[in-house]
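To start, the structure itself, in structure tokens.
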Amino acid sequence: MVRHREPIIAIATPYGESAIGMLRMSGAGLWEKVEKHIQLKGKLKPRYAHFFRLMDGDQLLDEGILIYYKAPHSYTGEDMVEMYLHGNPLVLKRALEVFLKEGIRLAEPGEFTKRAFLNGKLDITQAEAVADLISAKTDLARQVALRQLQGELSKHINPLRERLIELLAYVEADIEFAEQDIPTIEKEQLLELLTLIIESIKNLLSTVKAGEFIRRGINLAIVGKPNVGKSSLFNALLGTERAIVTHIPGTTRDFLQEQMHLGGIPINLIDTAGIRQTKDEVEAIGIKRSLSALESADLVLFVVDASNPLEEEDWEVYNLIKQKDHIKVLNKMDLGLDPSMKKIFPDGVCVSAKTGQGMQELKKLMLEKAGVFGYDGMMVYLSVRHGELLRKSLGVLEPLLQRLKVEDLSPEILALELREALSYLDQIVGAITTEDMLSEIFSRFCIGK
Ligand code: GDP
Ligand code: ZN
């Protein structure tokens, strides 16, 4: 089962001075190559920490700790060596060169994990989770990645695959025993099973957006005509005095960006320039840039000055964003609400950027709108790749169900369609892989993992 590929090496710790730096190697015939360059006290024992000296010819390079893992009991499933040396880039570079000269090649990003996958140590969703875990920006993202590393996502996908395989078995029996009088699946039952599978896929798909937000964060743009309190709101959300606030309309000439965390979700907060018609050239440039920032926003806070009636300029901005996911923020409530306000925007949230009133409610609403409110990390979150494959599967199964409701299909056609739907689920867990898919997944990794 385990294939032994040519030996590879990488520095697995970050570049720079540190207490310890680690060199990692994996592959066939590794020990013979390593042995030539080290002095070891006592006999080598797999998975034991050995004190050792690293030699470059007869010159001492460093001393440290070495662990040897014998296949298949290692991360990659191959023979592996880990060397813990002094964490100076010069030391690690010299050590690396010794082994490169020995014919051990430099590992590509994610190559260790790729081998672990190819040797059946991890399924592909777990391998993806390794990269997610390393790059997680918040504690929630870390927890989600860890759960996926434990195989949580496959636990949701595999039962679906099994149901499809079961269905396929019935249909194929139908083909094989067409002539004989063997009872096969009833149409009723077929429709029922298909509906069930489709529902489960849809359920999983509903986590894709939230999963994206947890992994990469939410782009949240604050928009509105000048002087409604966008910059004040930006500061109130961040809890700092980052953006310049003045009472002269058009002060924010460009857009400002700051990172914040809300309920474990990274949020990229964008304060746009007041969007309006202007003759001022500099302001016009700012507005243009604001509009493009708006385009990449996942969620928009549309701010109005609720203490005054709305003006034409408010509607101009509103028309720009009304198609996007947005929250209507009725600001300056401390000055009293204009009576028209609750009629025009009954779903608006009243706040005061000045006094902080309503800010908690606004924050909660932001998470609700993004579909990530109250998730305590008990769920799985699909990545874009998983989402695409599930959607492809659905793209086969849904039309199939519709057709089956109105006509009878030959078992041959049925089997063909089911097999296609299954192949997409297989790709999610890596039961089927393509070279493109693997290189895309593993190129996201850092070297040494
Ligand atoms: P922007 O042009 O939309 O970014 O608006 P600013 O944040 O620069 O605010 C414009 C003016 O409104 C400033 O004088 C702020 O102090 C004031 N302002 C902003 N929010 C509030 C609020 O909630 N209540 C009151 N009373 N004034 C506010
Ligand atoms: Zn501003």
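Positions of Cβ are set from backbone N, Cα and C atoms, glycine also.
There are 18 other Cβ atoms within 10 Å of the Cβ belonging to Glu82 ((6S)-5-formyl-5,6,7,8-tetrahydrofolate binding site). Look at TrEMBL and you will find Arg24, Glu82, Lys121, Lys449 tagged as (6S)-5-formyl-5,6,7,8-tetrahydrofolate binding site.
Neighbour count (other Cβ atoms within 10 Å of the Cβ, all protein chains): 17 for Asn227 (K(+) binding site). Per TrEMBL, the feature K(+) binding site maps to Asn227, Thr246, Ile248, Thr251.
Marked as GTP binding site by TrEMBL: 227-232, 246-252, 271-274. In this structure, Asn227 (K(+) binding site) belongs to neither helix nor strand by DSSP; it is coil.
Cβ neighbours within 10 Å of Ser231 (Mg(2+) binding site), excluding its own Cβ and spanning all shown chains: 25. According to TrEMBL, the Mg(2+) binding site annotation covers Ser231, Thr252.
A mean pLDDT of 87 is what the model gives for the domain 'TrmE-type G' (217-371). Taken from TrEMBL, the feature domain 'TrmE-type G' applies to 217-371.
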Surrounding CB atoms that lie within 10 Å of the CB of Lys121 ((6S)-5-formyl-5,6,7,8-tetrahydrofolate binding site), all protein chains: 18
Reduced DSSP assignment, Arg24 ((6S)-5-formyl-5,6,7,8-tetrahydrofolate binding site): strand
Largest tally of Cβ atoms lying within 10 Å of a Cβ, found at which of the binding-site residues Arg24, Lys230, Lys449: Lys230
Close-lying binding-site residues around ligand 1 among Arg24, Glu82, Lys121, Asn227, Lys449, where CB distance stays under 6 Å: Asn227
Mapped DSSP class for Glu82 ((6S)-5-formyl-5,6,7,8-tetrahydrofolate binding site), helix or strand or coil: strand
Top Cα neighbour of Lys230 (GTP binding site) in the set of binding-site residues Arg24, Glu82, Lys121, Lys449: Lys449
